[in-house]
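Engineer: Not my notes, these are from TrEMBL:
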| type | residues | note |
| --- | --- | --- |
| REGION | 1-21 | region 'Disordered' |
| DOMAIN | 65-363 | domain 'Kinesin motor' |
| BINDING | Gly156, Gln157, Thr158, Gly159, Ser160, Gly161, Lys162, Thr163 | ATP binding site |
Amino acid sequence: MVPDREWRPAGENMDKRTARKVHAADFQRTLRELRSQYLQQMESRLRAGIEENDEANREAPGSDHMHVYVRKRPLLPHELRKHEFDVITAVGQREIVIHECKMYPDMRHKYVVSHHQRFSTCYDEKVDTETIYEDAVKHLLLHAMQGGKSVCMMYGQTGSGKTYTMSGLFHYISDDLFTEAVGDVDFAVSVSAVEVAGSNCFDLIHDRAKVLVCDDGEGNTGLVGTTEVGADSTNSLLEVLEGVKDLRTTESTTVNHQSSRSHLVCYVNLRHRSLKQGELGELYGQLVLLDLAGSERNEDSFYHDAARRKEAIEINKSHLALKECVRAIGREDNTGFVPYRASVLTRILKGCLWSMNSRASMLEDTPHVSTDRVDVKEAGEGEEERVIPIREWDNERVRKWICSSSWGSSAEGISR
């Protein structure tokens with residue numbers, strides 16, 4: 001339990017979020033003690049050689065279909081002004097501890113609940129983007145350069161740093177794509193990019209033209225109406241990627257003055273060089289860069305109008321659909337239904353995530369502020385609407401229902 005401190009003046013009420021900030025010093029003291037314990041445990045594990053064995057047994061990047069990486073970002077100035085404090089601890093290289101600072105019903109006594117989660121790799125706020133690229137993304141690029149399909153997904157709530165991380169990755173991808181030597185295949189690089197907003201899809205390279213998401217006779221999903229632009233150098237590729245990033249829809253929110261309100265899907269296509277000038281060659285490999293729209297806390301969306309609330313629901317629906325698809329991919333028996341048709345986003349990712357020669361990484365950026373709520377149902381607002389099944393009545397039941405109503409006396413003569 002967190003030690004007591006002097007309470008605010010008698011009769012003054014506050015919600016639990018405010019109470020956590022008022023008692024921040026007490027919570028922080030307890031968190032320092034917990035982190036000291038974790039550090040001692042880690043040192044004991046290192047002395048015993050347990051951590052080395054754990055790292056040695058860890059699968060190398062690319063040895064499995066999907067890996068999940070978590071990046072903890074530092075507190076921002078506007079969060080410090082709101083008296084937020086750090087509630088996430090990176091323990092070792094694979095574990096994140098979320099400290100939930102809570103108040104008892106009397107709003108006087110306090111306690112901390114710690115949730116332990118393990119991932120492929122965890123990064124604290126001191127790790128730079130280059131390290132994350134080398135660990136989580138470079139193997140995807142090399143896989144695409146060897147003829148495979150790779151997907152890199154950025155996930156997190158609005159203001160968590162997804163677009164910041166993706167912008168850094170653009171630089172390293174653009175550089176390595178033209179400097180790394182992989183095999184003897186001579187391929188041409190081209191880029192196409194679409195923005196997914198709800199059920200609509202737009203081409204970000206050609207004047208935001210409407211893009212159709214269609215299925216062929218074999219069930220393969222494709223995009224009709226997209227434009228590919230070639231890139232023959234690091235600078236030209238980076239210019240295209242940065243350009244499409246700046247064209248996506250953004251809105252100002254209470255936590256981010258440029259919050260992305262749509263999903264950005266960039267296709268870095270590696271094609272065999274065509275013998276005919278102006279024609280696209282056959283697709284050889286592909287790297288898909290997905291910057292998901294940020295989810296929002298209820299506190300952040302409190303002042304939204306009806307249109308913005310509807311927009312948030314659409315975003316959460318697509319997050320939920322993607323989550324269910326990722327869960328289906330992760331089943332050990334590799335059986336069962338994969339609900340990729342639940343949203344436009346998962347439909348266009350089908351060919352990348354569900355092909356035999358595909359790999360994927362999900363990078364989750366977390367803001368770790370004290371007023372965040374631990375919630376295992378991330379996309380609850382985006383769940384499907386309740387569907388009431390239609391009852392089938394035969395002629396006899398319909399006749400009895402009509403006759404039993406207040407005006408049914410005049411229907412006594414209804415024929416069977």
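Just so you know, glycine gets a Cβ as well, placed from its N, Cα and C.
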Engineer: Averaged over the whole of the domain 'Kinesin motor' (65-363), what is the pLDDT?
Structural biologist: 85
Engineer: What's the number of neighbouring CB atoms sitting within 10 A of the CB on Gly156 (ATP binding site)?
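Structural biologist: Within a 10 Å radius of the Cβ of Gly156 (ATP binding site) lie 21 other Cβ atoms.
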Engineer: Can you see whether DSSP assigns Ser160 (ATP binding site) to helix, strand or coil?
Structural biologist: coil
Engineer: At a 10 Å cut-off from the C-beta of Thr163 (ATP binding site), count the other C-beta atoms across all protein chains.
Structural biologist: 23
